[in-house]
Structure formats: structure tokens, C-alpha cells
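**Q** These came from TrEMBL, pasted as-is:
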type	residues	note
DOMAIN	20-306	domain 'Sugar phosphate transporter'
REGION	323-349	region 'Disordered'
TRANSMEM	16-35	transmembrane segment
TRANSMEM	47-72	transmembrane segment
TRANSMEM	84-102	transmembrane segment
TRANSMEM	108-130	transmembrane segment
TRANSMEM	165-189	transmembrane segment
TRANSMEM	201-219	transmembrane segment
TRANSMEM	231-255	transmembrane segment
TRANSMEM	262-283	transmembrane segment
TRANSMEM	289-306	transmembrane segment
Amino acid sequence: MGKGGSLSDGVIKKILLSYTYVAIWIFLSFTVIVYNKYILDKKMYNWPFPISLTMIHMSFCATLAFLLIKVFKVVEPVSMSRELYLSSVVPIGALYSLSLWLSNSAYIYLSVSFIQMLKALMPVAVYSIGVLFKKEGFKTDTMANMLSISLGVAIAAYGEAKFDTWGVMLQLGAVAFEATRLVMIQILLTSKGITLNPITSLYYVAPCCFVFLLVPWIFVELPVLKETSSFHFDFVIFGTNSLCAFALNLAVFLLVGKTSALTMNVAGVVKDWLLIAFSWSVIKDTVTPINLFGYGLAFLGVAYYNHSKLQALKAKEAQKKAAQADEEGGRLLEERESEGTDKKSESQN
């Protein structure tokens, strides 16, 4: 009874920890999105400089990652040559900087709720780019599901009360660059046996992003910032905002490491619905019935996609276990045959 009880307690503890990691990730992801909107929106904090904000995040994250790896040695650095860094990390850093720049820019023009609806296109972009780079096989049923997600997002866009073409283009560009980055990670790093957790990833990628963003910042935002002489850098606002962004990366590491990537996808859906509710009830963004119907259709498509991926992973795992069992069975059979041969030769002698 004691043994059974302790096992039950262990299972309960594991479930509670999983829900805690999910709650922390949802809270931090929620906070970063709303905080960025607050800073960039002209009706709120009114600091519409997305490149500058992204550069602040990158410099802060790079510094903390350096301290954790080199000074406090909390995380082991990944061995990486200069050639590998230039050929693999730099392209990923370029894509990441573009993704962050465009996604932060979209907050100036679009509501939080509508941005979350547009982000539902991420599986469509990842799958399409994966097929293009031959990392995913083309399947008619999967493509049909991608079209249903796209249709849902199109309906949501049609029902958007404050539709802004430029804002939509920025967010779609951010989705395209982020999807390309995810596929490139598979091609340039994972295929070479290199895995980066969020800390080592920031250590290598964040400085690269900062350098890439420096070029457009000099031409696009620096001249405007020079004219706004009334602005004073608020260390509390930008410091806490950057800290939340860094903490979110740690939460991703915890969530995926202690649960699974699929759990993160499911948690992401919950977060999106919470953000839509928050955007409507607190920020007072307009959410129309057509918005909700379109996003609901896209949500069903994304849920089916996640379910299909889970089933494929289960089938792959079962196939792997079956192959291991066959290999073990074959080895045992060979040993028995060998023993039988030995005994037969001994009896003949």
C-alpha cells in the first residue's frame, strides 16, 4: 500500500510540475506580448521603435547568456568552429532578427487579438517551406488541412474591424521568416548533431541578431530618435521588459525539457485564446463574430495538425521499439543456436 501510495504521489507531483511549467510559460509569453504592445503602441507608452526594442532585448539576453555560460558556468557551452558559426548560426541569426523586427513592428498597426489569429498560419508556413527544402514529404491530406487553416485565417482577416494592410504584411513576413528559421535549424544544426538550448542559442545567436539589426537601425530609427530629444531611457520599463523576454527563453527550455514540444504547442493554443480574451476585455480591441469563427476554423486545423504529428511520432516510436525487439530476439536466437552447436560438438567428442 505504501509503495502504491508513493507511486501515486510521484505521479501527482509530476503532473503538478508539468502544469506549473505550462502556467509559467503561458504567463511569461502573455506578459512579453502585452508588454511589447504597451511599449510600441502609439496610444499607450508611445515608443514606436521596434528595431531599437529588439536590439535592447538582444543585448540584454546576450549579456545574461554570457554571464551564465562563461562566468557562473551554469550551462556548458557548445563546441563550435568559426566556419560552422559563419555557415550555420549567422544565417539563422539573420532570419531571427528579421522575424523579431517585423513581428514587433506589427504591434504598432494591429491589435493583439488579430496578431494571434495571423500566427495560426505558422504550421502552414513551416510545412510549406519544409516541403520546398525537402525536409517534409508532400501529402495531399496535410496540404488540405493547411488550406483549411489558411481559409480560417482569411475569414478572420475579412472580419477584422481595424484591418491594416501594412500591419498584415509585416506579420505575415514575420511568420515566413520564423518558419524559414525553424526549417534552417533542422538543416544547418540538427542534421549536424548540434543541439542548442535557449541559453546557448542566445549566447551564439543574440550578438549576431544585434549586428544585423544595427544596419537598418542606423538608417531607419536613429535619425528619428535624434529628433525626439524629449525621450529619456526608462531603465525600469526596458529593463523589466528585457528580463521578461529572457525569462521566456528559460521557460521554453523548462517546458520542452520537462514535458514535450507538443505540450508547448497545446499551451500555445491556450495562450492565444487567453490573449484574444484579454485584448477584447482589457485593451478594448474589437473582436467580431466573423473573427472568432475564422480563428475557430483555423484552430481546429492546427489542433488536427498537432494530433497528426503526435500520431506520427507514436508510430515512429512503436516502429523503433519493434525493430529493437526483433534485433534482440535475433541475437538471443543466435546465442541459443550457438549453445546448441557447442553442446552437440561436446557430445560427439
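From the backbone N, Cα and C atoms, a Cβ is placed for every residue, glycine too.
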**Q** Which of 84-102, 108-130, 165-189, 201-219, 231-255 has the most Cβ pairs closer than 8 Å to the transmembrane segment (262-283)?
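**A** The listed stretch sharing the most Cβ pairs with the transmembrane segment (262-283) is 108-130.
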**Q** What same-chain residues lie close to the transmembrane segment (165-189): Cβ under 8 Å, and 6 or more beyond its ends?
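**A** Distant Cβ neighbours of the transmembrane segment (165-189) are 87-89, 91-92, 95-96, 98-103, 105-106, 108-110, 115, 118-119, 121-122, 125-126, 128-130, 133, 135, 157, 195-196.
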**Q** Going along the chain, which residues at least six beyond the ends of the transmembrane segment (47-72) come within the CB cut-off of under 8 Å?
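**A** Counting only partners 6 or more residues beyond its ends, the transmembrane segment (47-72) has Cβ contacts under 8 Å with 36, 39-41, 97, 100-101, 104-105, 107-108, 199-200, 202-203, 206-207, 209-210, 213-214, 216-217, 220-221, 224-225, 231, 238-239, 241-243, 245-246, 249.
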**Q** With Cβ-Cβ distances below 8 Å as the criterion, list the same-chain residues six or more beyond the ends of the transmembrane segment (201-219) that contact it, or say none.
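**A** Tertiary neighbours of the transmembrane segment (201-219) are 51-52, 54-55, 58-59, 61-62, 64-66, 69, 77-78, 80, 85, 89-90, 92-94, 96-98, 100-101, 246, 249.
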**Q** In the predicted model, what is the mean pLDDT computed over the domain 'Sugar phosphate transporter' (20-306)?
**A** 91
